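Enquirer: My questions all concern the structure below.
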Amino acid sequence: MPSKAKQERWQPASAVLLTGLAQSALLSCLPWLMDRSGLGATAWSWLLGGSLWGMMLMAPLWGKWLDRRGAALGLWLSFSGFTLALALLLLALGMVPGSLAMVGLLLVSRLVHSLFMAGVFPSAQYLQLQGLAPERWRGALARLSALSQLGRLLGPALVAAFAWWWPPLALLLVLLASMLLAAALWRRQRLQSKGTDAKESAAPWAPALPLYLLALVITTALGQVQFLLGPLLQQGLGLSPEGASSLMGAYLALAALVAALVGLGLVPRLGSSGQLALGVLCLSLGGAWLGWSSPQQGFWGPLALLSAGLALTSPWYGVKLRERWPRAQGRVAGRLSSLHTLGYGLGMVSGGWLLQKTPQTPLLGLALLGPLLLALLAWQAWLDKKSRA
């Protein structure tokens, strides 16, 4: 029989896997969604990116709540809300394209998603690290991140498999699995112990502001890439919505596979400094390469580099922040989730705008990713040196 701790770690792992799967499947279906709904790229950029503002605001509140009430109850509540939002989205797609009812239900589904999805990752990370010594945090976060990437790998693969029949079938399968997990979380959520004492969990922003901004910059860049990839492939290669969905699914599957392999195989073997240096190098080269690439040339190489860079840097700054405030697990996780959400939202919204203004080179700004990251790391080093003086 598995221990209670192992059961609790199985639950957040499954939640992260399914949410990653749903998000990647939704993005892979984007060309089909535009065609089916009658809404253009700009409208969908606001639906997907604009709804993330609620997640940005709610994630820190979820983090504080988790420190006081515990993560198992939080994971059940937040994941159940995520499941409901996915069900509403699929229901909306069955309505008359472009109708007021469809648009209204899509808006409601994204609102529900924004309110509850904000708590899934903080809860999952809280449970995953619970009972572990600090020296094991980096490996645990890397494994959780790898599971998220595995979900992102399976999502595009499922969409690609069903693209020529009905692409959203992948989302329907995720919904069914999510309903089963939500039921399991309900049965086991009373096993969770209380969170830490809120009075001992304060974690000021200022001493680590550059690290928080590092997370924001990286996710903004990746949000642009994820939103723009489908429209660029469809327009640049003259593909049908189904063909663009299939090819985009293959690209995202490669990116997720690289990130999962790096997270599971490379991160545990690197020291902290080596992990950071290699991660920044991959992000810098990948951003510059992708900024000057075209659909005809292909995006395989730069996407692989960006994915490897994310898999290396995300656990690094996550551990660095938790080491500063080890009794503020919920708050740190909530803030990072908020910033990640804000970054992806900014990337999606700006991606739709860039596609209209500079349709030939909407990703050119990614060439500045490397210098921005180096500047933020230098700022953090200066703050740390100043605090020790």
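Using the three backbone atoms N, Cα and C, a Cβ is placed for every residue, glycine included.
Keep in mind it's a predicted model, so treat the numbers as computed, not measured.
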Enquirer: In TrEMBL, which of 141-159, 274-292 is labelled transmembrane segment?
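Expert: Comparing 141-159, 274-292 with TrEMBL, transmembrane segment matches 274-292.
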Enquirer: Would the transmembrane segment (249-267) and the transmembrane segment (362-383) count as touching if the test is at least 3 Cβ pairs under 8 Å, pairs 6 or more apart?
Expert: no
Enquirer: Name the range, of those listed as 74-94, 169-187, 208-229, 274-292, 339-356, that has the largest tally of Cβ pairs under 8 Å with the transmembrane segment (43-62).
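Expert: Comparing 74-94, 169-187, 208-229, 274-292, 339-356: 339-356 has the most Cβ pairs near the transmembrane segment (43-62).
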